[in-house]
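Taking it in order: structure first as structure tokens, then the write-up.
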Amino acid sequence: MSTPAVPQDLQLPPSQRAQSAFKEQRRQKLKEHLLRRKTLFAYKQENEMLSSSRDQRVVTSEDQVQEGTKVLKLKTKMADKENMKRPAESKNNTVVGKHCIPLKPSNELTNSTVVIDTHKPKDSNQTPHLLLTEDDPQSQHMTLSQAFHLKNNSKKKQMTTEKQKQDANMPKKPVLGSYRGQIVQSKINSFRKPLQVKDESSAATKKLSATIPKATKPQPVNTSSVTVKSNRSSNMTATTKFVSTTSQNTQLVRPPIRSHHSNTRDTVKQGISRTSANVTIRKGPHEKELLQSKTALSSVKTSSSQGIIRNKTLSRSIASEVIARPASLSNDKLMEKSEPVDQRRHTAGKAIVDSRSAQPKETSEERKARLSEWKAGKGRVLKRPPNSVVTQHEPAGQNEKPVGSFWTTMAEEDEQRLFTEKVNNTFSECLNLINEGCPKEDILVTLNDLIKNIPDAKKLVKYWICLALIEPITSPIENIIAIYEKAILAGAQPIEEMRHTIVDILTMKSQEKANLGENMEKSCASKEEVKEVSIEDTGVDVDPEKLEMESKLHRNLLFQDCEKEQDNKTKDPTHDVKTPNTETRTSCLIKYNVSTTPYLQSVKKKVQFDGTNSAFKELKFLTPVRRSRRLQEKTSKLPDMLKDHYPCVSSLEQLTELGRETDAFVCRPNAALCRVYYEADTT
């Protein structure tokens, strides 16, 4: 049956498949495929031999890997180049490649193209992983990158085998507390605290359970189907086999839980030493890196979790197959469980201790500072300050040096006592000088020197008592009250003593003023009586002009004396302490009030009725008074209706401005200012 003819428009260009070079290429690919099939068959046979013997290992050499890569390069050289034109010598190259690649034995081919995972060859739970299979499509085409990875993997495997050999040659770390293959309690006590019986039994059972599965190996057939993480059922079958092989040892070597010195415990130690002597336990390189990277706490946790997993698988396998021996195996299970529990308690206790030690301990000063800040935020302030200066220095010293010897504290107390006695003696001397009448300046110098040397002496109430007693009796009460306020602000203690002293000073001042007022009233009354008697004795025959001139002369003398006394007071600063009005002189004024009374009107009528006295027409009193500057300034701005009806003059020259020249004035002393006139009379 012939195919229909294709039109020329739809015909494709002639293909290059008919050329000899591409035919040779297809023939080469077929030959490589057959060679790969032979290689896989040889690898399966070798794998069976390795699983049966378990002592042969595949060693890859660098030369063999290079030969394998050369073969792969020749195989992939003409791939995907069907439609490209090649030079004429390509056929010769392929022929040379064909004749240069002889068939190699199956062992060499497997070494060059097959990678076998030799990590942990003694571990029964890990099997070699096949990279190439018959049904895998990737195994039929090997690229350059795959060849490169193959070479690197072979180098890595070679390095791991060398490391394992070095680890095997290294000396084994001795067991702590062991002597001639047995653990001695006295040696353990020499480097750690003695553990409880439960801890000892759990440690012994842990060591026994750790050495038994590594010492006894399962059948080589099962190793190809057993893995550590993924295949759980095969792991359980493997564990049941080695537990069944070592069940006699576990029955013979059953350790007691509560007895310290029993024969069975010695047999446990002997069994442990015997198994550990026969078997060398090594860890793979990956496990080493993990153990080095982890901390001590994480290693304890991982070991405890691994112990728990091992206990679970062991208990399940025993329950499934070895049912006739429940007592011995349950004891082993209990003792193995006790070990991770104790480890967890130890790690938890350690973590708690570390967390407590990591937290900084708060000092008493910090607590006081936080308390004061909280009180300030709430608006609470201490009403009563601390007791004294002396007692405040002691807690600060105690906080800085909490641990001091007995003799140093005694010496500090003696020094503090002497210091307090010295300050108290100084204040008592000042009080004695005040009572004796010593000048104020000397006492102030002594007190100021004491305050310069000891600034905290202001917190003692005796200092403020001395200042209050220095003030003269004639000083105003405001000065005493100001001293009392300063003492309260400084925190003087005890403040009750200061209160009693202030009360005594005020009572003395009030009594002195009362006595002075009585004396001045008596003197004023006597002067008025003398004047009346002199007027009555002279009678109406007295010349009014002479009387007026005498009164004016007397008044001028009095006012001149008063002015001189005021000038002397302003010039003499020491006299300010003795007079009560000097401090308030700037705020007050002394003026003369011009007023009249019915008594004066009657006297005036008598004089006018007599007819002989026609020189003066008005008779008025002239009284010295004290007026406030502040009030005078305010009243001067008021209208005339609200001003005082009795005018006040500041000098005698202003009397002519008030009235006529015929007015007569009688000087009348003021009881409140009678001391001024009393002093003028005495001078």
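Residue numbers in this text run from 1 along the chain shown.
Quick reminder: no glycine exception, Cβ is built from N, Cα and C everywhere.
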Of THR161, THR570, THR582, which one does Swiss-Prot label phosphothreonine?
THR582
Selected residue, Swiss-Prot feature phosphothreonine, from candidates THR205, THR211, THR239, THR596:
THR596
Which candidate in SER145, SER320, SER602, SER650 appears in Swiss-Prot with the annotation phosphoserine?
SER602
Swiss-Prot tags one of 107-129, 153-175 as region 'Disordered' - which one?
153-175
Which of the listed residues, SER595, SER651, has Swiss-Prot annotated as phosphoserine?
SER595
Check the DSSP secondary structure of THR597 (phosphothreonine), expressed as helix, strand or coil.
coil
Write out how many residues of the compositional bias 'Basic and acidic residues' (362-376) are helix, how many strand and how many coil, based on DSSP.
13 helix, 0 strand, 2 coil
Taking DSSP three-state, what's SER602 (phosphoserine) in: helix, strand or coil?
helix
Within 10 angstroms of the C-beta of SER178 (phosphoserine), what count of other C-beta atoms is obtained when all protein chains are considered?
16
Including all protein chains shown, what's the count of other C-beta atoms within 10 A of the C-beta of TYR599 (phosphotyrosine)?
10
At the level of the C-alpha atoms, what whole-angstrom distance separates SER595 (phosphoserine) and SER602 (phosphoserine)?
15
Residue among modified residues SER595, THR596, SER602 with least C-beta crowding, 10 angstrom cut-off:
SER602
Please work out the number of neighbouring Cβ atoms within 10 Å of the Cβ of THR597 (phosphothreonine), leaving out its own Cβ.
13
Using DSSP, what is the helix/strand/coil residue split across the region 'Disordered' (153-175)?
17 helix, 0 strand, 6 coil
